[in-house]
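Peer 1: What follows is a structure written as structure tokens; I'll ask about it next.
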Amino acid sequence: MQAAKIKNEIINLTNISAEQLQELYVQGKRGELSCPSCGLPVKLLLGISHPPHFSHVSPGIADCSVPALDVTIEQYNPILIDYKEENGFKIPKSRTITKEQPAHVPFKRSTSITGNPEFTKVKQSPLLIEDPYFDKLYNHGVSLDKEQTAAATTIDGPLLVLSGAGSGKTRVLTVRTAYMLTAKNINPKSIMLVTFTAKAAKEMKERLLSYPEMTPMLVNQLVTGTFHSIFYKILLFHEPDKWRRDLLMKWEWERTRILKIAGKEIGLDEKDFAYDQALQQIGLWKNSLLFPNEIKAKDEWETSCLSLYKSYEEYKLQTGSYDFDDMLIGCYSFFRNNPDVLAKYQKRFDYFLIDEFQDINKVQYELIQFLSARTKNVCVVGDDDQAIYAFRGSDPSFILHFERDFPGATVIKLTENYRSSHEIVASANRMIKKNQNRHPKTMKAQYNNGNPTLFFYPYDEETEATMIVHDIQERITEGANPSDFAILYRTHAMSRAIFERLATSNLPFIIEKDADSFYERRIVKSMLAYLRLSSHPEEANPVGDVLSSLFLKQSVLQDMKAQTILQDCDFIEALAFVKTAHPFQERKLKSLPKIIRSLKGMTPAAALLVIEKEIGFADFVKKRGNEGNIEKGSDDIRDLKVAAKRFHSVPEFLEHVDHMTAMVHEVKQLAKHFHDAVQLTTIHRSKGLEYKYVYVLGAVDGSLPHDFALESHRQGDTEPLEEERRLLYVAMTRAKDGLFLSIPQTRRGKTAYPSRFLRF
Ligand SMILES: Nc1ncnc2c1ncn2[C@@H]1O[C@H](COP(=O)(O)OP(=O)(O)OP(=O)(O)O)[C@@H](O)[C@H]1O
């Protein structure tokens, strides 16, 4: 149905701007819409596969045939804004009753990626090696194609297995190991099998144990694990006192604490400086074997980080403590200083198998070079198109230059994709082909379910979330399971709207363990603190969160507490008594109480605007400058404004914020109990996983590719842009049966443009 009734007005979807659909959807949920024909309640269905339409709420009632209605948009203005004058500013008051019209943005229907090559079935010859063990595997249900067989049976010498997405590298690695142990009778203790995560090592062992002739006795003798676990064991064996477990700084808060102490000495604000990002920067330097005295800081941010790096290393030296990165650096130094011990390990290990080689970093690469120097029996498996960890020090040039570093290396390309349907593989191929820095390869799908890859065009982040949840619900009604679905995004902050929509649906869903609520982000929390302060001027907590944005130190809070007693006033008033020794700043503080008090009577959108412009929050974010964080403070402000848009009062919005923040903690707690749930995750975390249906949020410039990569590109560095393209490639290739790429028409309140990666 194209029309519905709200109060006494008729709404015709053909006249509705895309911007208004979300509000209509909410009104439908609230039971405010009815059928113009029969008068029964209707709701707006806002999905991906079908254009928006109204439908009766009660199941089983066929939709009425509503005659074409000639109504115009003027008859319906649910989200228009009323303005009022305050402190000389024209600010929105509420959302209703006004003559002003929003621009009419037509809803854009979903489209499919066209122009992909036709599907042709490639016939696989399953068994290509005369070997009794392969016969057994085949009878066991494990078959390998020609290239997989070659990769599993080329044992001696350096070998690069370029394993494209979904090409079965886990199968290759496990069969290869089993083949070495059985057909080749290689001593398991002489094989080192390195994986990217502990989980991958465990899964590989389990898979191995399911193969013929593999016993726990045999499999447990293999040296398997992550780089960290394997090399830490070596250190523990040789220098047990130095690497005592109790000296390990296991938790991020321990490491951050040291940086904060050091930061205080150089005048960095405890609440405001991005210590988590600084820790990441230090890790990046360490993994690239760059020590403090070798680094030339490029900008103010790097100068601060470098200073913290120095203090951090000094602290560890004095206390004898160490962190995870030190395990690899420690082993590297240990081997360099003890060539005799290194020689023993070179003798002990004959074979090296390394998974996810595209994400190896310098120190890991050097360690493998050291150990394999005698035999050069290094088999590395990876996909240069899936290298996505440069920000952590991973360097795809190691996989790109493997043949140079290991002369005479055999290269085998695995190009059959066993995971995804043809249209997904073909679209991903066309997208990644534009990268310059790669081993050329074209993946071939093994099947075609006929589903095209879809682009859908929500008006904004809110509609995007609604459309996805609707699509999932529709597919679940048709028989899909919640765990068939994954929603992938570039950065955590992008998941705010979809989280909120799922949290108010009855769908089970899971998020990552370390995902924080959007509302707990530094900038967001600080901005919200003004709203809290205006509602609860007697509470000290929000004051602590606004201080840095007023360029005041945390110690000011104590003075303010004293003032509340001396002057018998609340915390808002106490701001006027703060002494800073800067007349200009004191004048500004004196003007604040009136403004802060006025916030609570405004709509949240209006209040945020006042905080940003009048209180000077935007200036603070600007002055705070680039702190190496790819998610900029100004982006947080804009995201917060989008989140606030649909609320009518500050208390209502704050209640929502608190509810959603609590929900994030609750969902994380519940995750372990959910075995069948929709997965919300960053693209980075989705690597190696597969789902029946995948939705990719925000496939628009600025998001994917991320702004920082576009900026680097403008400055002449194309590598970050290539990595962003690889990220999208990873996201697309997680899908087995259905891939849906969201291209919102606006993002962060501004017109958005489709990702440049999707121009085929
Ligand atoms: N020869 C084969 N015949 C049939 N199915 C296969 C074959 N090889 C692998 N598969 C299946 O293909 C799917 C993808 O395999 P796998 O997850 O190992 O790919 P991958 O190379 O690790 O992918 P990615 O790097 O994209 O994460 C799995 O479901 C696996 O069981």
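Yeah, the Cβs are placed from backbone N, Cα and C, and that goes for glycine too.
Annotations in TrEMBL come from automatic prediction, not curation.
Relevant sequence annotations retrieved from TrEMBL are reproduced here:
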BINDING   SER163, GLY164, ALA165, GLY166, SER167, GLY168, LYS169, THR170  ATP binding site
DOMAIN    142-421  domain 'UvrD-like helicase ATP-binding'
DOMAIN    422-688  domain 'UvrD-like helicase C-terminal'
Peer 1: Judged by the number of other CB atoms within 10 angstroms, which among SER163, SER167, THR170 is the least packed of the binding-site residues?
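Peer 2: THR170, out of the binding-site residues SER163, SER167, THR170, has the fewest neighbouring Cβ atoms within 10 Å.
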Peer 1: Average the per-residue pLDDT over the domain 'UvrD-like helicase ATP-binding' (142-421) and send me the rounded value.
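Peer 2: So the average pLDDT across the domain 'UvrD-like helicase ATP-binding' (142-421) works out to 95.
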Peer 1: Neighbour count, 10 Å Cβ-Cβ cut-off, for ALA165 (ATP binding site): what number do you get?
Peer 2: 26
Peer 1: Within 10 Å of the Cβ of GLY168 (ATP binding site), how many other Cβ atoms can you find? Include all protein chains, please.
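Peer 2: Neighbour count, Cβ to Cβ under the 10 Å cut-off: 21.
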Peer 1: SER163, GLY164, GLY166: which of these binding-site residues put a Cβ within less than 6 Å of any ligand 1 atom?
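Peer 2: Among SER163, GLY164, GLY166, near ligand 1: SER163, GLY166.
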Peer 1: Can you tell me whether DSSP puts SER163 (ATP binding site) in helix, strand or coil?
Peer 2: strand
Peer 1: Only counting partners 6 or more residues apart, tell me which same-chain residues put their Cβ under 8 Å from the Cβ of GLY166 (ATP binding site).
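Peer 2: GLY166 (ATP binding site) has long-range Cβ partners ASN417, TYR418, ARG419, SER420, VAL425, MET443, GLU690, THR733.
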Peer 1: Hey, does DSSP put GLY168 (ATP binding site) in a helix, a strand, or just coil?
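Peer 2: Its secondary structure by DSSP: coil.
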Peer 1: Looking only at Cβ atoms, how many others are within 10 Å of the one on LYS169 (ATP binding site)?
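Peer 2: So the Cβ neighbour count for LYS169 (ATP binding site) comes to 22.
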Peer 1: Which chain-mates of GLY164 (ATP binding site) that are at least 6 residues away have a CB under 8 A from its CB, listed by sequence?
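Peer 2: Listed in sequence order: ASP383, ASP385, LYS413, LEU414, THR415, ASN417, LYS441, MET443.
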